[in-house]
Amino acid sequence: MTDHDERTFVMVKPDGVQRGLIGDIVTRLETKGLKMVGGKFMRIDEELAHEHYAEHEDKPFFDGLVSFITSGPVFAMVWEGADATRQVRQLMGATDAQDAAPGTIRGDYGNDLGHNLIHGSDHEDEGANEREIALFFDDDELVDWDRDASAWVYEDLADHD
């Protein structure tokens, strides 16, 4: 990982898994120039769901969130790249799929607010990436590796410091 890279947590939710969209979503993230450093196909139990959505615990939709995220398998991932969190959020599109722009994951594949296919760490919450990554992955499950194409995707950011 370079000084300019960051890691971000991304999850294909049960609706995206059931609709067979894991490959399409991974392809979009890779095509953007991001690099997967961890991936796990798994089921989320209620305890993990409560931890993951703890900030929504007092909201009226909390029980529905927990019920949905535990309803089927998910594909949890960690991605790395320059400004990775912001890039993922842009690719995802608006939270409500009906408001998401065409060309975004939710705009192209999503149906509504409750079935919006994908979760990504909040770019406005500085601790969200580390917290979510640690919740779903042990350090030894993340792989440091160099992609030979990085020089073809990003200009040398060191020249701009």
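Don't overthink the numbers, they just go from 1 along the chain as shown.
Heads up, the Cβ atoms here are built off N, Cα and C, so glycines get one too.
According to Swiss-Prot, the features are:
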ACT_SITE  H119  active site, pros-phosphohistidine intermediate
BINDING   K13, F61, R89, T95, R106, N116  ATP binding site
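Here the features listed in Swiss-Prot are placed on the structure.
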residue: K13; record: ATP binding site; Cβ contacts under 8 Å, 6 or more apart: F68, I69, V74, H115, N116, L117, I118, H119
residue: F61; record: ATP binding site; Cβ contacts under 8 Å, 6 or more apart: none
residue: R89; record: ATP binding site; Cβ contacts under 8 Å, 6 or more apart: G120, D122, H123
residue: T95; record: ATP binding site; Cβ contacts under 8 Å, 6 or more apart: R106, L113, N116
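Listed recorded positions: R106, H119. The one with the lowest count of other Cβ atoms within 10 Å of its Cβ is H119. Annotation note: H119 (active site, pros-phosphohistidine intermediate) sits in a strand segment as assigned by DSSP. K13 (ATP binding site) carries neither a helix nor a strand DSSP state and counts as coil. Largest Cα-to-Cα span within the ATP-binding set K13, F61, R89, T95, R106, N116: 22 Å. Of all Cβ atoms in the protein chains displayed, 23 besides its own lie within 10 Å of the Cβ of N116 (ATP binding site).
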